[in-house]
Amino acid sequence: MDDAGEIHALGGSLRREASSARSGDAAVFFSRSSSRDEDDEEALRWAALEKLPTYDRARTAVLAMPEGELREVNVQRLGPQERHALLQRLAWVGDDHARFLSKFKDRVDRVGIELPTIEVRYENLNVEAEAYVGSRGLPTILNTYANVLEGLANTLHITPNRKQKISILHNVSGIIKPHRMTLLLGPPGAGKTTLLLALAGNVPSGLKVSGQITYNGHTMDEFEPRRSAAYVSQHDLHMGELTVRETVNFSAKCQGIGHRYDLLMELSRREKEENIKPDPEVDIYLKAAATGEQKAEVVTNHILKVLGLDICADTIVGNNMLRGISGGQKKRVTTAEMIVTPGRALFMDEISTGLDSSTTYNIVDSIRQTIHIVGGTAVIALLQPAPETYELFDDIILLSDGQVVYNGPREHVLEFFESVGFKCPERKGVADFLQEVTSRKDQRQYWMHGDETYRYVPVKEFAEAFQSFHVGQAIRSELAIPFDKSRSHPAALKTSKYGASMKELLKANIDREILLMKRNSFVYIFKATQLTLMTFIAMTVFIRTNMHHDSITNGGIYMGALFFGILMIMFNGLAEVGLTIAKLPVFFKQRDLLFYPAWTYSLPSWIIKTPLSLLNVTIWVFITYYVIGFDPNVERLFRQFLLLLVMNETSSGLFRFIAGFARHQVVASTMGSFCILIFMLLGGFILSRENVKKWWIWGYWISPLMYAQNAISVNEFLGHSWNKTIPGFREPLGKLVLESRGVFPEAKWYWIGVGALLGYVLLFNILYTICLTFLNPFDSNQPTISEETLKIKQANLTGDVIEASSRGRITTNTNTADDSNDEAISNHATVNSSPGKKGMVLPFVPLSITFEDIRYSVDMPEVIKAQGVTESRLELLKGISGSFRPGVLTALMGVSGAGKTTLMDVLAGRKTSGYIEGNITISGYPKKQETFARVSGYCEQNDIHSPNVTVYESLAFSAWLRLPAEIDSATRKMFIDEVMELVELSPLKDSLVGLPGVSGLSTEQRKRLTIAVELVANPSIIFMDEPTSGLDARAAAIVMRAIRNTVDTGRTVVCTIHQPSIDIFESFDELFLMKRGGEEIYVGPVGQHSCELIRYFESIEGVSKIKHGYNPSTWMLEVTSTVQEQITGVNFSEIYKNSELYRRNKSMIKELSSPPDGSSDLSFPTEYSQTFITQCLACLWKQSLSYWRNPPYTAVKYFYTIVIALLFGTMFWGVGRKRSNQQDLFNAMGSMYASVLFMGVQNSSSVQPVVSVERTVFYRERAAHMYSPLPYALGQVAIELPYILVQSLIYGVLVYAMIGFEWTAAKFFWYLFFMYFTLSYYTFYGMMSVGLTPSYNVASVVSTAFYAIWNLFSGFIIPRTRIPIWWRWYYWVCPVAWTLYGLVTSQFGDVTDTFDNGVRISDFVESYFGYHRDFLWVVAVMVVSFAVLFAFLFGLSIKIFNFQKR
């Protein structure tokens, strides 16, 4: 057998290798049994089929067509009608999964085929990380530079390594057996993810691993573990533009789904020998899944059915800015993507996040059926498994603080803990008990010896006790006897690295790249439109009626036109940076899981986009060539076309390489600007070859722009139009123009240039492939930890007990290091079981909210319209009514897609699109969003926070802006401390928040922060969207304790919630239950032990009674599911609306919809809690912290500035002192032009992703009415000013001195002045472009056009005096033109020295450029004005536009 697919009932893939001959179940999971009687015709066809040779029999099947006809078909060559009939017939496979698996197993057993199995052993496994301890680990600018220098010194063995070792897994051992389901449990930071990664052979490179892991006795270097096992990550990384079906289908193609040929041949051969007739539906499924073009589609359809994804199969996955499937559906896509792999062992990390308990149960049950029937191996980590889900598992692994506390059969786990003095209470879920019993804070409540004094039992004692327990002894005895390798099935372990042929992998990537191009077509259409606009501008600026072939000066203008064309084509590739980096996280995941080699990914990204290059170059060349007046020769036209085409491919390859090397948007933008700078400076146009310093001449020879400039210039100036002489010269004019610009005047340089550029195309794409092959993601998670937490971890390893200290501080990256903060939390002052009202002492007004007949609809999606639906709108909420009251905790529940989050968004006023109908009142008064936002809080499902501030700073910022202005800072600080105590965040107060899934806080810590951010606002009504999603049982209990405490203060709290445990569910007072389609089916009290809820549903005919000890929430979701409605013929919505409960609720709504006597409507004297000045100060404070701790932006910017300054200084060394001729002046001006262009573009492009990330946080904070848009914009603008000042000083001092401009105070400070405000307006322009566009990628593309236009009209490529009169107006609105005006005039506008020809420099500046010295102060005002204008437009765009669609 070759598949994890079997393992999950989802499909396998038997390789066509000799070792696979005996394998067998791969197709297993996708077929449904049919008990239909065979008629005579079918019997005759089968008789004929059995006479065929094995080879033909494996490809031929009997297919029932929709009209009833039985047709003998070759599954490798199906027509469209037959293909459709086959897929329709097999659509039922997922509905009877266990029966299908049993039929398959019976079939292989009958012919004696043995299915392969894997036993995984791990012995003395240790995993360590290295981390900086304390504040040194924070990513500040100074720490970043210090770390780089220290790392270099460590490499050279100059200084010792100051990082401390952190133990993640400590000496763990165990056995994971086939045919058994293993549940992995443990508190946050226990090391669960690291253990799963280690067992799957996918440990991050930064970790040190020792010990041994074997599969069937084979060490990991004897086979390919990443194909023999499948690892399902807890992070949902997908390409948002693809649909669910396309995402899973791509994985199926890459992982070898459909390669079941060997199994099929062996089955057919043995069945023919023994005259066995297989089940016809199992037979056709196996054949369809093993051969033919539909094989991956068959497998994909089955997986989608089993995981309940068939209802959203054709919906795009979506991302932060692209609306797609729900979070729970996305989690299932992550599972589906991996369970089609050929691995026989499954390691699944937190696959239930965002799923309701019934969905989790169904998925785990499907996996269990596969494991038990076909013999797979599975370890699944779950956060809050319901008791019925827990019962599906055979074995338990309990980890705590990197040590195995228990590993063995589920039925003995409670026996073990009772042997050490701890007992699980009767109504406590065993999984919840196991999560909490090793925790210092929660352990005491489970102590069973009331007559003995309790003492805390550390993890080490549990681990040692387990070694003495009979289960631990049995494991140790079994590990002492090595696994007999001869028992390992030859098909169990994979030795080939990839699951499909290179041709198939390349085709899969090509198909996906074409799909992505279609979905991102807006970007490419926009680029083409933008290029067309630039073409129009260029041909009207360099129009032939104004340009002549009669002088060297005019030749220089033509040279500028050619140079501008090359620049436009080169800048056109800049958008590749953003598009490439956006896809890298998914690529790295798929590369590490061996979906495909890097070259099959990089090649399509190059080849498939070549037609776009053809289109872009065609637009440019064929529109501009004759209008500008280039040499009218068709051959030279096509030569220019060929050259620019190759140049476009070079540019795209260069920027893809930069993106692949940098792997970070800001760093890549900086590197891209740097490369453009080097290539342009040394390309021969800005600085001619004769003027390039000897120490930089090598750069001239390696610049792609040099070869392009030489080739395109030779092609033009050796043409007929320039083959004329002018007075005073014997050589042709074209050759004179070439020589004046330092270009080689020989025809061969055209082909030299084309050849060199083709070489660069290959080189850059090869380098890009190499980067993708060998480099890891940019954020290679470097964990940091506080000294106190490190001591606690070390104490847990040694069994010591340390005293609690006043405050713990942790900064941890759970994704890599799994640092445990559990004990650090427990060391802090204990939170009582009901500290509730403490910490909620600030006064507030209790408020109720009622809503009646709420309807919400959206425009009908095009995908659904394409299926024949004629309605213009899709209704998501259908007349919902209810009320939420003070002091009452309400659970908003329903299966995925029921509309829970939609209803909450509507009530909270968070919807930005769609159509809302119905009435909402707040304590009897109509809801007004402006005032409602002041008294309400909203905890979003996605925990959105500024990544570069600490936990305490996040809370301080929220409290500062949302609490009333009359509350003084001391009271506010006290309140923040109390809220942190309430949600147990005090030990994490100095932890950096970080980015989800990348750095900083763990999922559950981030969730508690989200709640705390709302609590510090002291709201009357709080909405919480899945506050326990992604948390383990203990963390969920902490969160629920905080929520319960909040409710007990008299607040109104509503929570959507998935898969709650019995404890959590019964902590709610009322339940608002919805069914799929947006209708309520129960709105009422939960009752003691859920008695009210159970009584209501059990009174409905056809509803099964709840079993003793069963989770009421799980039972409720099961009995009200759509499937049960169909089975029982019950419409729960109609029953509810005809019930007494509904009438009581309507009466309550009516009562609460009338204002109480003596009450008044909500009103506030001001729109926001704080004054405008306070809002500005708060926003500036947060931005200052964010910038200081964002070294990829700030530290890289300064490093880039220093490097660029040194490059400019050495390239233009001393040109400021040379004034012999006009070329000397042009060289000096070139240094100014290049510095303005490149430093400015770098500032603009690097600030865009920073603003884009913060804008997502801004949307949440603005919706909460924390501040108005203007203070946010002012804070973002103001924080840049000091950083730009430092940048200007660094650059200005270095460059001014090295270039050798005149050392007078006035000229020096004028130079600094213009550089400072130029960098400012470029930076503010970058911010503005993000504010005006929906995403960073669009902003990047739009900006490229403006950079090009500013470049053209700057006055360097073509001076103002030569710009056509109809375009001269734009010169005056081009900010770069004003900058160059100011720089040149301030340095040379008053110089009375003369050139060699006797012309005074100041006169030449005035006559040639049109620069007047007495206009300098006006120029200065204009440059400042542009900075102010762009900053103002950024603020205006932030205020007006909201691109977040909800």
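Each residue, glycine too, has its Cβ placed from N, Cα and C.
Lifted from Swiss-Prot, the feature list:
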BINDING   G186, P187, P188, G189, A190, G191, K192, T193  ATP 1 binding site
TRANSMEM  523-543  transmembrane segment
TRANSMEM  555-575  transmembrane segment
TRANSMEM  610-630  transmembrane segment
TRANSMEM  641-661  transmembrane segment
TRANSMEM  666-686  transmembrane segment
TRANSMEM  752-772  transmembrane segment
DOMAIN    849-1101  domain 'ABC transporter 2'
DOMAIN    1174-1388  domain 'ABC transmembrane type-2 2'
TRANSMEM  1195-1215  transmembrane segment
TRANSMEM  1225-1242  transmembrane segment
TRANSMEM  1281-1301  transmembrane segment
TRANSMEM  1308-1328  transmembrane segment
TRANSMEM  1363-1383  transmembrane segment
TRANSMEM  1415-1435  transmembrane segment
DSSP three-state assignment (helix, strand or coil) for A190 (ATP 1 binding site) = coil
Request  = Quick one: average pLDDT across the domain 'ABC transporter 2' (849-1101), no decimals.
outcome  = 87
Message = Counting only residues 6 or more past its boundaries, what in the same chain has a CB within less than 8 Å of a CB in the transmembrane segment (555-575)?
response = 523, 527, 531, 534, 538, 542, 547, 549, 616-617, 620, 624, 628-630, 644, 647-648, 650-655, 672, 676, 679-680, 685, 705, 708-709, 712-713, 716-717, 722, 733-734, 736-737, 740-741, 1337, 1340-1341, 1344, 1347-1348, 1351-1352, 1357-1358, 1362
Query = Sequence-remote contacts (6 or more beyond its ends) of the transmembrane segment (523-543), Cβ cut-off under 8 Å?
reply = 517, 557-558, 560-561, 564-565, 568, 572, 575, 579, 612, 615-616, 619-620, 623-624, 627-629, 1337-1338, 1341-1342, 1344-1345, 1348-1349, 1352-1353, 1358, 1363-1364, 1366-1367
Message = Please report, as numbers and ranges, the same-chain residues at least 6 past the borders of the transmembrane segment (752-772) whose CB is under 8 Å from any CB of it.
response = 587, 591, 598-599, 601-603, 606, 642-643, 646-647, 649-650, 653-654, 656-657, 660-661, 704, 707-708, 710-712, 714
Task = Please compare the binding-site residues G186, P187, P188, G189, G191 by how many other CB atoms fall within 10 Å of each one's CB, and tell me which has the fewest.
result = P188
Ask   = Who are the long-range neighbours of the transmembrane segment (1195-1215) in its own chain, taking Cβ under 8 Å and residues 6 or more past its ends?
value = 141, 144-145, 666-667, 670, 673-674, 677-678, 681-682, 687, 691-693, 695-696, 1224, 1227-1228, 1230-1231, 1234-1235, 1238-1239, 1242-1243, 1246, 1283, 1286-1287, 1290-1291, 1294-1295, 1297-1300
Message = Same chain only, please: residues at least 6 beyond the ends of the transmembrane segment (641-661) with a C-beta under 8 Å from a C-beta of the stretch. Say none if there are none.
response = 565-566, 569-577, 580-581, 584, 602, 605-606, 609-610, 613-614, 616-618, 620-622, 668, 671-672, 675, 704, 708, 711-712, 715, 750, 753-754, 757-758, 760-761, 763-765, 767-768, 771-772, 775
Note = Relative to the transmembrane segment (1225-1242), the stretch among 666-686, 1363-1383, 1415-1435 with the most Cβ pairs under 8 Å is 666-686
Note = Around the Cβ of T193 (ATP 1 binding site), other Cβ atoms found within 10 Å total 25
Inquiry  = Applying a 10 Å Cβ distance cut-off over all chains shown, what neighbour count does A190 (ATP 1 binding site) have?
reply    = 29
Query = If you count Cβ atoms within 10 Å of the Cβ of K192 (ATP 1 binding site), leaving out that atom itself, what do you get?
reply = 27
